[in-house]
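Colleague: So Swiss-Prot says this about it:
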ACT_SITE  Tyr23  active site, proton acceptor
ACT_SITE  His101  active site, proton donor
BINDING   Asn75, His81, Asp88, Ile102, Ser103, Arg112  substrate binding site
SITE      Arg18  site 'Transition state stabilizer'
Amino acid sequence: MAGILVLNGPNLNLLGVREPGIYGSDTLSDIESRLQAQARVAGMPIDFFQSNAEHALIERIHQAFRDAVDMIIINPGALTHTSVALRDALLATAVPFIEVHISNVHAREPFRRHSYLSDIARGVICGLGPMGYELALQAALQMTHRSL
């Protein structure tokens, strides 16, 4: 499947109930529905995958390469700050990606300020809430020449 893959890491399945003061009240399903509608307007296939397991995210990145996915939008959650393996999978497959964070990681605990992915990403969006996903999709559509 050519198109865009949206990957979400650990605990993002809890959006809507997890620390709403930080992450808001939108569920992951709410976010995916908006992205699906936006991609449909642009005629761009889009797929979604969430896992709490690092290895499952890595396998999905490998599959994205085999499927010739045009772009990945990834919110790696806490794996942002810990996963060399996730970084290596993105480097090995060379699928371009945009890193997204709902909260402003730079305004939080010091350990959240380092990302193993930011320096190899096409772009990084953080601190704009769930709207960050929509902005990432707009950017991905422009980068793949399928703007809304």
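Each position is counted from 1, following the chain as shown.
Any Cβ shown, glycine's included, is placed from N, Cα and C.
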Colleague: Considering the recorded positions Arg18, His81, His101, which residue's Cβ sits among the greatest number of other Cβ atoms within 10 Å?
Modeller: His101
Colleague: Find, among the binding-site residues listed as Asn75, Ser103, the one whose Cβ has the highest number of other Cβ atoms within 10 Å in the structure shown.
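Modeller: When each Cβ's neighbours within 10 Å are tallied, Asn75 leads.
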Colleague: Compute the C-alpha separation of the residue listed as 'active site, proton donor' from Asp88 (substrate binding site), stating it in Å without decimals.
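Modeller: Distance between the two Cα atoms comes out at 20 Å.
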Colleague: Within a 10 Å radius of its Cβ, which of these recorded positions (Tyr23, Asp88, Ile102) has the fewest neighbouring Cβ atoms?
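Modeller: If we count Cβ atoms within 10 Å for the recorded positions Tyr23, Asp88, Ile102, the smallest count is at Asp88.
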Colleague: Could you state the CA-to-CA distance between Ile102 (substrate binding site) and Arg18 (site 'Transition state stabilizer') to the nearest Å?
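Modeller: Spelling it out, the Cα of Ile102 (substrate binding site) and the Cα of Arg18 (site 'Transition state stabilizer') are 12 Å apart.
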